[in-house]
Amino acid sequence: MPIESGSCASARQAKQKRKSHSLSIRRTNSSEQERAGLQRDMLEGQDSKLPSSVRNTLLELFGQIEREFENLYIENLELRREIDTLNERLAAEGQTIDGAELSKGQLKTKASHSTSQLSQKLKTTYKASTSKIVSSFKTTTSRAICQLVKEYVGHRDGIWDVSVAKTQPVVLGTASADHTALLWSIETGKCLVKYVGHVGSVNSIKFHPTEQVALTASGDQTAHIWRYIVQLPTPQPTADCNQMSGEDEVEFSDKDEPDGDGDGSSDCPTVRAPLTSLKSHQGVVIAADWLVGGKQAVTASWDRTANLYDVETSELVHSLTGHDQELTHCCTHPTQRLVVTSSRDTTFRLWDFRDPSIHSVNVFQGHTDTVTSAVFTVGDNVVSGSDDRTVKVWDLKNMRSPIATIRTDSAVNRINVCVGQRIIALPHDNRQVRLFDMSGVRLARLPRSNRQGHRRMVCCSAWSEDHPICNLFTCGFDRQAIGWNINIPALLQEK
């Protein structure tokens, strides 16, 4: 018997498929009226307060939705059949080539062409599904490496900033829009001290490098320096907060937010007045930080200036001008007299005070929207985050272009760098927190699940590398701060 060629067989199969497809569509269309009539009969027997015209409209809309799903299902079946046909055709061509005893070069060329077509088809068809599978694997891995340890609940409004003390006893500090700053026991999650000296939103908090003194910036156009004395409570056994339940992404409503007085912040000791008040700004003071040594402090304001103060005398030493719009953040170098300021004018500036007689400034241009923060790392690097959904790593010796760029899917808020391990924590507007290395490689995403993780915008992150329980803290506009344990060796090993 004559052997049917591969092309004829493929044509006949395609014709049969088109025929079956048209039959399926005809069967679908012919049954639409029957289903619609059946649905109307069922609804007529139900007790409904909707007018009949509204119910008929709803039935028609639901019928259209059902038809769309049926068509998509049929198209999906046809696509799968086409993929099977491509596989059969590739196999048939390989057999034909072998029977004709073509040269090795012709065989390689023809087989390569068919293989590339099939490969491209498969890639296009399953790209979305593969991406979802890969994302789920990353999420599962992140859960094992990044674990929620403690939640710090007590503020009555969103928390703008979080910081960890650099001296013993090590405490956690939070700055909130409720006009207060709170100090917490990291181990127990209990409030230890409440500062109520500001009459506006407290926008940032930083601890003195050697003393039990805090520096807070506020919407009341001032920055306050205040002393605290704390006695850490005895740690209690920590409940297991790492049991994940439900889906990884869950929407939350306002009623799910923690109670403002959940941990009794009203019962902790209160500090009502500062040691020193810094009062030279004409607008909101959005951030403040200590220079190395703790004898001077720098503030950043919406009046487009940053001010350098002498802490002992409260006198203004320098007013740093040059930004075209409101400042958003300021940060100081841990070992050198360097300051970096960020602004809504899409730039950040490096101010050098190492030489008392010369105060140089360098402007970094690379973002297309508000620079929300810029922070120093070990060596000569600065990392900047922006509302343009990017994070850039810069070399201070070469300011023309960044050495690495991280692109994300949401605006980036106040970032922080784990200096020892060179890991960047990125808090986002979309409630996510992601970890990257300095070369721009994504390491992990902090897990979010039902009743766990931030429920609103994450405003800030802060590392505490030496703490045995929590080494990363985040805060958000859901009125809570969270302590995380990041298994850094496992994180880097997975990388």
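Placed from the backbone N, Cα and C atoms, the Cβ positions cover glycine too.
Annotated range for region 'Disordered' in TrEMBL, selecting from 1-36, 325-360: 1-36. Looking at the stretches 69-96, 125-152, 209-236, the one that TrEMBL records under the feature coiled coil is 69-96. According to DSSP, the secondary structure content of the repeat 'WD' (195-226) in residues is 0 helix, 17 strand, 15 coil.
Beyond its flanks by at least six residues, the repeat 'WD' (195-226) meets 157, 160-167, 173-183, 270-279, 281-290, 292-294, 297, 299-301, 309, 311 of its own chain at Cβ-Cβ distances under 8 Å.
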